[in-house]
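Chemist: The following block contains the structure, expressed as structure tokens.
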Amino acid sequence: MLKKLGSITVLSSLGALLNFFTTFIIVHKLGLGVLGQFTIVNSITGLCSLIYTILPPNYSIFKYQDDSDYKFILSAFYIVATAPFILILYIAYLFHSFSGLSFSIIVFNGLTTIGFYYYDIVYQATNRLYRYFTQLLLQAAIKIILMYAFYYMHILKDTTSLILATSFAQLICLILYANDFIKNVNFSFKYVAGPVKHTYYSINKLKSYYLNAVIKRVKDNIIIVLFSNILTADLLGLYTLFIKITSFVLSLGRSFEAFFANRENMEKYHTSFSKKIFLLGACLQAVFLSVGLIYMKIYTHNFYTLEIAILSLLVYPYSRFIVERMRFLGSYNNRELNISMFFYIAFVLISFGICKVFNYTSLHTILLVYLLSELMNFTHLIYKSIVDKSRLVKAI
């Protein structure tokens, strides 16, 4: 286990580090305002991609392992769903400025991102994690190369050019790795109609996944979307720097989550890994503190020591959360995951209302909202897992 986890963790860490460096380039060359606009565009696009949760990703990862025909159904669905996705993007485009971007840029960015959603599902389901994280590392490297090329060609000037660099990097990787997935494409009527048929016969099981997918997409974007109405783009950009640090460190545990998305790995290694959770948390916190302080000093000429120290505490509940989350998903049980994220969203909504009424628009306000919301998300699922295990012991 340690050898396999070690190799994919190194790849995951390198990819996360390059993505981390991407933020440095954006802020250094374009400014916090562009970073804030870029974040808003991706958040709204993420909400529009909810159409793809008709076959929920977390469900698909395990169904792919359990049903030999599901790979054809999944690929057909991602192709057919392109048209309604573009329509939803257009509706969103009519009601939001998207920072002045053209609709074609929005579509290009959206479709290349969706391609990675599909690759993500298949690589995890087939336990090809080394290839999966190699692809993510390559995509991050190509993105940096394109950004510097655009900069020296005097093209990298605004949000449009930034999204083009990102989207082209994604497109290149989608093409390079397409051979892994061509065999999954089958345009026979059986599989093109498969998503509708599968959804119809599995609707009772999928209901909780639909709710889960909607709640998760809302959870991932709600703070940016709501607070963009009361905070400046520069302040949102500064907030994004803290989130980038948090995302970078937590993404180091992404390899562990992907590892336990495979049933065989979960059965073999869940118990032994659970005993090392505190050690994982301590390592992640050390990385969080060292990287976070240096990162903020470089970007803002201020360490933000207190803010970084407090946010770093999230790594401990997160270390336990990622394993328990995959255990619940592996049993097709989404109820508690939905409740956890509902607490997150409810707290953000209440907090936003208070901030808007009382004009609380400081950096500390939005960071506190994020911190407490994530703690609610993590701790509920951990508590439920402890209760379930306690009941099992008593039953025995």
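From the backbone N, Cα and C atoms, a Cβ is placed for every residue, glycine too.
All annotation found in TrEMBL is predicted automatically rather than curated by experts.
Okay, so TrEMBL annotates it like this:
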TRANSMEM  6-27  transmembrane segment
TRANSMEM  34-55  transmembrane segment
TRANSMEM  75-94  transmembrane segment
TRANSMEM  101-119  transmembrane segment
TRANSMEM  131-150  transmembrane segment
TRANSMEM  162-179  transmembrane segment
TRANSMEM  277-296  transmembrane segment
TRANSMEM  302-318  transmembrane segment
TRANSMEM  339-359  transmembrane segment
TRANSMEM  365-383  transmembrane segment
Chemist: Before we move on, state whether the transmembrane segment (162-179) and the transmembrane segment (339-359) share at least 3 Cβ pairs under 8 Å, counting only pairs 6 or more apart in sequence.
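Modeler: Between the transmembrane segment (162-179) and the transmembrane segment (339-359), contact is absent.
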Chemist: Using a Cβ cut-off under 8 Å, which residues of the same chain at least 6 positions beyond either end of the transmembrane segment (365-383) come close to it?
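Modeler: Contacts with the transmembrane segment (365-383): 219, 223, 227, 231, 235, 239, 242-243, 307, 310-311, 314, 317-318, 320-321, 324-325, 328, 336-337, 339-341, 343-344, 347-348, 351-352, 355.
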Chemist: Under 8 angstroms for C-beta pairs, at least 3 of them, ignoring pairs fewer than 6 apart in sequence. Is the transmembrane segment (101-119) in contact with the transmembrane segment (6-27) by that rule?
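Modeler: Taking Cβ pairs at least 6 residues apart, the transmembrane segment (6-27) and the transmembrane segment (101-119) are not in contact, as fewer than 3 fall under 8 Å.
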Chemist: Are there residues at least 6 beyond the ends of the transmembrane segment (6-27) whose Cβ is under 8 Å from a Cβ of it, and what are they?
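Modeler: Distant Cβ neighbours of the transmembrane segment (6-27) are 34-35, 38, 129-130, 132-134, 136-137, 139-141, 143-144, 147-148, 151, 162, 237, 240-241, 244-245, 247-248, 251-252, 254-256, 258-259, 291, 295, 298-299.
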Chemist: Could you give the residue numbers and ranges of same-chain residues that sit at least 6 residues beyond the transmembrane segment (302-318) on either side and whose C-beta is under 8 angstroms from one of its C-beta atoms?
Modeler: 242, 245-246, 249-250, 253, 278, 281, 284-285, 288-289, 292-293, 296, 363-364, 367, 371, 374-375, 378-379, 382
Chemist: Near the transmembrane segment (131-150), which same-chain residues lie under 8 Å Cβ to Cβ, leaving out any that are not at least 6 residues past its ends?
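Modeler: Residues 8, 11-12, 14-15, 18-19, 21-22, 25-26, 29, 116, 119-120, 123-124, 156, 161-162, 164-166, 168-170, 172-173, 176-177, 180, 255, 258.
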